[in-house]
Structures are given as structure tokens and as C-alpha cells.
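Asker: Per Swiss-Prot, the features are:
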CROSSLNK  K137  SUMO2 cross-link
ZN_FING   145-167  zinc finger
ZN_FING   201-223  zinc finger
ZN_FING   341-363  zinc finger
ZN_FING   397-419  zinc finger
ZN_FING   425-447  zinc finger
ZN_FING   453-475  zinc finger
ZN_FING   481-503  zinc finger
ZN_FING   509-531  zinc finger
CROSSLNK  K554  SUMO2 cross-link
CROSSLNK  K579  SUMO2 cross-link
ZN_FING   649-671  zinc finger
ZN_FING   677-699  zinc finger
ZN_FING   705-727  zinc finger
ZN_FING   761-783  zinc finger
CROSSLNK  K791  SUMO2 cross-link
Amino acid sequence: MLEGHESYDTENFYFREIRKNLQEVDFQWKDGEINYKEGPMTHKNNLTGQRVRHSQGDVENKHMENQLILRFQSGLGELQKFQTAEKIYGCNQIERTVNNCFLASPLQRIFPGVQTNISRKYGNDFLQLSLPTQDEKTHIREKPYIGNECGKAFRVSSSLINHQMIHTTEKPYRCNESGKAFHRGSLLTVHQIVHTRGKPYQCDVCGRIFRQNSDLVNHRRSHTGDKPYICNECGKSFSKSSHLAVHQRIHTGEKPYKCNRCGKCFSQSSSLATHQTVHTGDKPYKCNECGKTFKRNSSLTAHHIIHAGKKPYTCDVCGKVFYQNSQLVRHQIIHTGETPYKCNECGKVFFQRSRLAGHRRIHTGEKPYKCNECGKVFSQHSHLAVHQRVHTGEKPYKCNECGKAFNWGSLLTVHQRIHTGEKPYKCNVCGKVFNYGGYLSVHMRCHTGEKPLHCNKCGMVFTYYSCLARHQRMHTGEKPYKCNVCGKVFIDSGNLSIHRRSHTGEKPFQCNECGKVFSYYSCLARHRKIHTGEKPYKCNDCGKAYTQRSSLTKHLVIHTGENPYHCNEFGEAFIQSSKLARYHRNPTGEKPHKCSECGRTFSHKTSLVYHQRRHTGEMPYKCIECGKVFNSTTTLARHRRIHTGEKPYKCNECGKVFRYRSGLARHWSIHTGEKPYKCNECGKAFRVRSILLNHQMMHTGEKPYKCNECGKAFIERSNLVYHQRNHTGEKPYKCMECGKAFGRRSCLTKHQRIHSSEKPYKCNECGKSYISRSGLTKHQIKHAGENLTTKLNVERPLDVVLTSGIPK
């Protein structure tokens with residue numbers, strides 16, 4: 001207990017501007033006041049720490065009484081300074097004690113034991129006469145000493161002198177033990193206790209110990225949540241007066257700490273110290289685990305948590321965990337939507353002050369951070385730090401799943417969403433989700449039509465920066481990306497990466513629905529629309545929608561009548577670039593490629609190759625689902641729609657969908673009634689050309705499709721396919737309800753009506769319905785027979801009828 005009093009006296013009641021001859025009295029006075037408040041003075045201690053018995057209390061009171069009588073009047077001026085002097089420590093408890101003491105009169109501040117003795121001997125008039133007048137009190141409250149740098153005012157000249165050291169960065173008081181320097185001698189005195197004493201003050205809650213009682217008082221507020229210091233401007237409260245003082249600079253705009261190198265000003269000395277490491281490059285804090293160095297001790301402390309594998313800070317809203325409390329605070333603003341920091345230039349708002357500061361440099365053009373290696377300058381220090389990794393090759397952020405390393409922590413965060421599947425950013429217009437906020441921002445340009453990037457050469461505008469960069473290489477002719485295998489060069493790295501897959505056969509993009517893999521993401525994205533049925537590209541003229549932008553572009557030409565693709569050599573124009581390319585390959589219409597089997601000629605060699613497979617029977621393309629083989633990729637793609645159920649062709653009139661374009665074309669003629677294909681032999685007209693061709697074979701007797709098993713020939717290839725199933729026993733069309741299989745789709749469709757009870761064929765005579773057309777036809781024959789009988793009965797004479805009914 002005595003050690004506590006000693007530390008309390010020596011550490012917490014150093015006051016400035018008190019002359020040496022009054023300090024003894026003042027300290028004894030305060031010591032007596034404290035003991036008086038604690039109860040009867042059963043024990044006391046002096047500055048040397050010697051124990052004193054209770055009987056010595058009266059002796060000390062007597063001694064203090066005499067000292068006050070001798071020095072009270074002469075020390076009044078200094079006592080007034082003592083009343084108004086600034087406190088030397090930032091201890092909040094001492095501030096309140098001293099402030100309460102100063103609010104009381106000098107008579108009240110003399111503890112009762114001394115006050116009673118003085119009053120008894122000399123009367124109350126002695127003390128009352130010693131009190132300052134009202135004018136003297138007003139003079140005491142004045143602040144006549146004003147700083148030249150920042151205009152701050154002080155009551156005492158020594159306070160101004162101490163304050164000016166902040167601007168000059170002068171630290172004349174140096175510790176002989178550690179060499180640490182201070183602005184004020186009082187701070188040096190407090191610091192020296194570190195070397196001379198231990199940590200006598202312990203927290204009752206968590207057991208933490210402190211060197212100063214003021215530190216313990218401040219620490220206790222972390223348990224109690226007490227924030228007694230309130231800002232008059234905005235009402236924000238703080239646990240420490242120093243924090244309030246720093247906060248108030250936000251309102252006043254005061255930035256008293258100036259960098260000698262670049263002249264930049266800061267509101268806190270710690271911010272200045274951190275800033276100065278930009279110029280010095282000093283990183284004094286080193287991690288013992290990995291050797292990484294940091295400019296701040298707080299950054300090292302936060303870094304240690306990474307090695308410990310702990311994320312102690314959890315968001316109450318979404319449960320996300322963080323290494324640092326500052327990260328949690330920043331994250332929570334996402335849920336609140338708060339953006340308190342606004343740019344005065346453009347009105348843009350930010351949820352962090354640092355981001356606003358970085359943003360302002362866009363308007364000012366300031367780039368204070370310079371790379372020592374290449375001289376490149378940056379507007380933000382974080383950008384410089386990341387840039388320097390280009391020179392060092394450092395990639396400190398490593399994925400635990402796949403081992404991939406990154407030079408940005410944000411890139412690692414985005415990358416990890418590939419493994420977790422997390423896509424937290426959602427488009428409010430179309431509902432599309434993204435794993436990175438930047439992708440959402442860029443995606444929004446699809447809806448807004450914004451094209452903020454323009455080419456300086458030709459003025460062409462672009463939605464995406466990558467498109468602009470790629471376009472600019474068209475002007476320069478630059479192709480910086482070269483394939484190591486074949487030497488082919490490319491405008492951008494993406495095209496090179498995609499090209500390399502042609503050598504490696506890599507197909508990294510897999511469909512989650514059906515497991516199909518693709519070499520290119522664009523192919524996967526296009527494929528996914530088969531499962532989702534999504535058609536995001538819509539024609540504003542007719543409302544027709546498409547799965548691909550290129551398809552919409554081709555369609556739009558129908559409305560404009562434009563033929564944008566011109567042949568420079570022959571002047572021909574085409575709707576599609578593919579048709580122009582085809583024309584370039586064969587501008588004369590010549591068909592130089594001839595089939596040796598049947599003599600048929602083709603414009604392109606690929607067409608001949610496909611044709612020859614009919615003769616050879618080669619079918620290199622196999623369906624993964626059912627094992628069926630095909631002679632071309634297009635026929636395989638059409639076949640796969642049977643398994644996926646995709647019907648991409650929709651009738652705009654009735655909404656009916658079709659698996660093949662030819663099916664839609666045939667169906668469309670039902671609405672128009674058009675039958676443009678007419679037989680020259682019999683004059684019969686058809687809606688579809690293929691049906692006309694099949695019909696004409698009836699006149700010619702030609703049956704080009706022959707069965708290899710039995711020799712039977714057919715007019716149509718489809719009839720041959722159906723016939724061959726009689727030999728193979730193949731029944732590819734299976735009912736999902738009962739499992740029954742059929743050789744023809746039409747048979748399956750007819751069968752499924754048994755389960756659905758659908759009867760689409762209705763008799764016009766009696767209203768009876770049937771599952772199949774043949775059933776209706778048979779039924780209608782009955783009506784035809786009844787009508788014939790009725791007709792005969794009506795036409796025959798009555799006597800014949802009567803006679804025919806009489807037996808002979």
C-alpha cells in the first residue's frame with residue numbers, strides 16, 4: 001500500500017510552473033488530502049518511501065501549517081499559475097481530480113486538518129484575504145500566448161514553448177539509459193520510471209499490470225465501456241481525452257505535424273512518423289517466423305495472427321471472420337451501407353477516410369509515392385508497394401487449396417472464391433452474380449450502355465479497358481505475345497493462353513449440369529444457356545431473343561437491310577462476315593472438288609469430305625450419352641438436343657418451340673399458308689423443299705437409299721434409318737413413365753398419350769376424341785357408312801322398303 005502511495009505521489013502529481021520553494025508544500029498538501037479522503041491517517045509516506053507512524057501525522061500538519069503561513073502570501077502568484085497550469089500527463093483520472101480541485105476555492109482545497117488549525121489561530125479572514133479577486137480570475141482564464149505556426153493559444157508561456165516543439169520536432173530531453181528523446185522534461189521523468197521501477201498497478205479484471213496508475217485507469221475503461229469525453233460538435237464519445245483532442249482536429253482542420261521532406265501535414269504525430277518511413281524506407285519491425293518487415297508495430301502484430309491461423313474478429317451479421325479488428329470495421333459498413341466521407345469535388349462518397357484521401361489525388365493529380373527502381377510515381381502508397389513486387393518478384397499471398405501465389409491479398413481473396421463458389425456481388429437488373437466487385441461494375445455497363453474508354457487515335461469508344469488495349473495494338477501493329485511451340489504471335493495474352501490449349505488439349509471449363517468440358521470459357525457460357533434457357537440478347541424491333549450477341553447482330557441486319565460486309569475486289573456485299581469469307585474462298589462460284597464415287601461437285605473441300613463419308617460409312621463423331629455416331633459435328637450437335645431437351649427455335653405466332661430450324665420453317669408455313677415449292681409433274685405444292693424433293697422421287701421412281709441387309713430401297717433417308725432398326729432391334733426412344741422403348745419418335749409420342757390421356761384427334765360429327773389419327777380415320781369410316789345407308793333409305797320408294805321387310 002505504501003509503495004502505491006509513493007508511486008502515486010511521484011508519478012501522478014508533477015505540475016508545471018511551480019517554483020521549487022513551493023513544491024514541497026504542494027506535494028505534502030496533496031498527500032494529506034489523499035490520506036484524509038481515505039480515512040484516518042494510519043500510515044503515511046514521504047518522498048523517500050520511509051514508513052511513518054500515525055503520531056507523526058500531527059507533526060506534519062504542524063509543519064505544513066507553518067510553511068503555509070510563511071509562504072502563502074508570497075506564493076499566491078505562483079499558486080494561481082498552479083491552479084491554471086496544464087496537466088503534464090494524459091491521465092484522465094488525474095485530470096478529473098485536478099479539475100475538481102480547481103473548481104473548488106483555495107480554502108476548500110486545503111484539507112480540513114490544516115484549514116482548522118489555521119482558522120483557529122489566525123481566523124477565517126486570513127484565508128479569505130488570500131483569495132484571488134474576480135478580475136484576477138478573469139485574467140487567469142485568458143490565453144495570451146499564441147503559437148505562430150497554428151494559432152493555438154495557451155495561458156502559460158511554458159505551455160506554448162512545449163507546444164512549439166511539436167512543429168520543430170525538437171526533443172531536447174533525452175534518457176541516459178535508453179537514449180529515447182522527449183518534447184518535455186515531465187515526459188522524460190515519467191519514462192525514467194520504466195528503468196527504475198516495475199509495474200505496480202494491476203487490473204482486477206484481467207490481471208494486466210501497468211507502470212502508471214493513469215494507464216490502469218485508462219485500461220479499466222476497456223472493461224467498463226466508459227467514454228466520458230464527448231465531442232461538442234458531433235457528440236462522439238471517447239475513453240481518453242487525448243483521443244478526443246485528436247478527433248476534434250477533424251472539425252477544426254488542424255494539422256500541426258508537418259513533414260520536413262515534402263511539406264505534407266498531419267493531424268497526429270503517429271501519422272507523421274508513419275509517413276516519414278515512406279521517405280526513409282525504414283521497416284524496423286521484423287517477423288521472427290517469415291522474416292517479413294513492417295513500418296508499424298501494429299502491422300507486425302496483425303501479421304502474427306496469420307501465422308497463428310486465428311481470425312478472432314467475427315461479423316455478427318454474416319459470420320465472416322477477420323484477422324484484424326480494422327478489417328471487421330471496414331466490412332461491417334457493407335451491411336450498414338454507411339458512406340460518411342464525401343468528395344467536395346465530384347460528390348462521390350466513401351466508407352473510409354483513407355479511400356477519400358486517395359480519391360482526392362485524382363482531382364489534384366498528386367502522386368507522392370515514387371519507385372526507387374524505375375522512377376514510376378503513384379497516387380497511393382499501397383499501389384507503390386504492390387508495384388515494387390514487380391521488381392522483387394514477391395508473391396506473398398498463397399492459396400492453401402491449390403498453392404497458387406499472388407502479389408495482392410485482394411487477388412487471393414477473389415481467387416479463393418473459385419474454390420468456395422462464393423459470388424457475393426449480384427446485378428440488380430438481371431440477377432447475374434459475380435465473385436469480384438470489379439466484374440459487377442464492368443458488367444453494369446452492359447445495361448447502362450456506358451463506354452467510358454476512348455481511343456486517342458481514332459476516337460472509337462469501348463466498354464472495357466481490355467478491348468481498348470487490344471484495339472490500340474491494331475494501330476501500333478504490336479503483337480507482344482508469342483507461342484513457344486509454333487511461334488504464332490498474338491495481340492493479347494488471353495488469346496495466347498487460349499491458343500496454347502490447341503497444343504495441350506486442355507479443357508479446363510466444365511459444365512456443372514452435364515459434366516461436358518470446354519477449352520474456352522465462352523464456349524462453356526454459351527453451352528450453359530442450353531440448360532438455363534437464357535436468351536439475354538433481345539431485338540428491340542421485333543422482340544426476338546438470342547443466346548449470343550453475335551446472333552443478335554446478324555439478326556438486326558434483317559431490319560436495317562444493311563449488307564455491312566463488302567468484298568473490296570469484286571464489290572459484293574453480304575449480311576454476315578462468314579458469308580463474305582466463304583465468298584472470298586470461292587468468288588467465281590466454281591465447284592472444283594468432285595466426288596470420285598458419284599461425280600457430285602462441291603465448292604469447298606470440307607463439304608466434299610463430309611459427302612464422302614456417306615459412301616464410306618465413316619462416322620467419327622460419337623454421342624457420349626447413347627453412343628450413336630455421326631459423320632459431322634453439326635449433326636452430332638443437333639442430335640444432342642434429344643438428350644438435353646433443348647428446343648432453341650420458337651414460333652413468334654403461337655409460341656411453339658422446335659429442336660431444329662427446319663422444323664420451325666415447316667411450321668411457320670402453317671400460319672402463312674404459303675406453299676412455295678411446286679411439283680412440275682402434277683402441280684402439287686409443298687411448304688418445305690425437302691418434301692418436294694421426296695415427292696418428285698415418286699414420279700421418277702428413284703429410291704436412292706438402300707438397305708445393306710435386305711436390299712430394300714427407300715425414297716427418304718429417314719425411312720431407311722427406321723427400317724434398319726428392324727434388323728438391329730434398336731429402339732432409342734424410351735418412355736420415362738413405363739420404360740417401354742420404340743424405334744420411332746412418332747410411336748413414342750403416340751404411346752405417351754396413354755399416360756397423359758391426351759386425345760388430340762376429334763371427330764367433327766360426334767365430338768369423340770382419339771389418341772392417334774388412324775383411330776380417328778377408322779371411326780370416321782363408320783360415320784361414312786351410316787350416312788351412306790341413310791342416303792340409300794331415303795332414295796328407295798316406300799313400297800320397296802315395306803316389301804323388303806315382308807318375308808317370302
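Cβ coordinates are placed from backbone N, Cα and C, and glycine is handled just like the others.
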Asker: Ten-angstrom check, please: count other Cβ atoms within 10 Å of the Cβ of K554 (SUMO2 cross-link), all chains counted.
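Answerer: The answer is 16.
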Asker: Neighbour count, 10 Å Cβ-Cβ cut-off, for K579 (SUMO2 cross-link): what number do you get?
Answerer: 15
Asker: Please check if the zinc finger (509-531) comes into contact with the zinc finger (649-671), where contact means 3 or more CB pairs closer than 8 Å and the residues in each pair are separated by 6 or more positions.
Answerer: no
Asker: Does DSSP put K579 (SUMO2 cross-link) in a helix, in a strand, or in coil?
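Answerer: SS state of K579 (SUMO2 cross-link) = helix.
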Asker: Summarise the zinc finger (481-503) as counts of helix, strand and coil residues per DSSP.
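Answerer: Helix, strand and coil residues of the zinc finger (481-503) number 11 helix, 4 strand, 8 coil.
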Asker: Would you kindly give the Cα-Cα distance separating K554 (SUMO2 cross-link) and K579 (SUMO2 cross-link), rounded to the nearest Å?
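Answerer: That comes out at 11 Å between the alpha carbons.
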Asker: Using DSSP, what's the helix, strand and coil tally for the zinc finger (453-475)?
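Answerer: Each residue of the zinc finger (453-475) counted once, the result is 11 helix, 4 strand, 8 coil.
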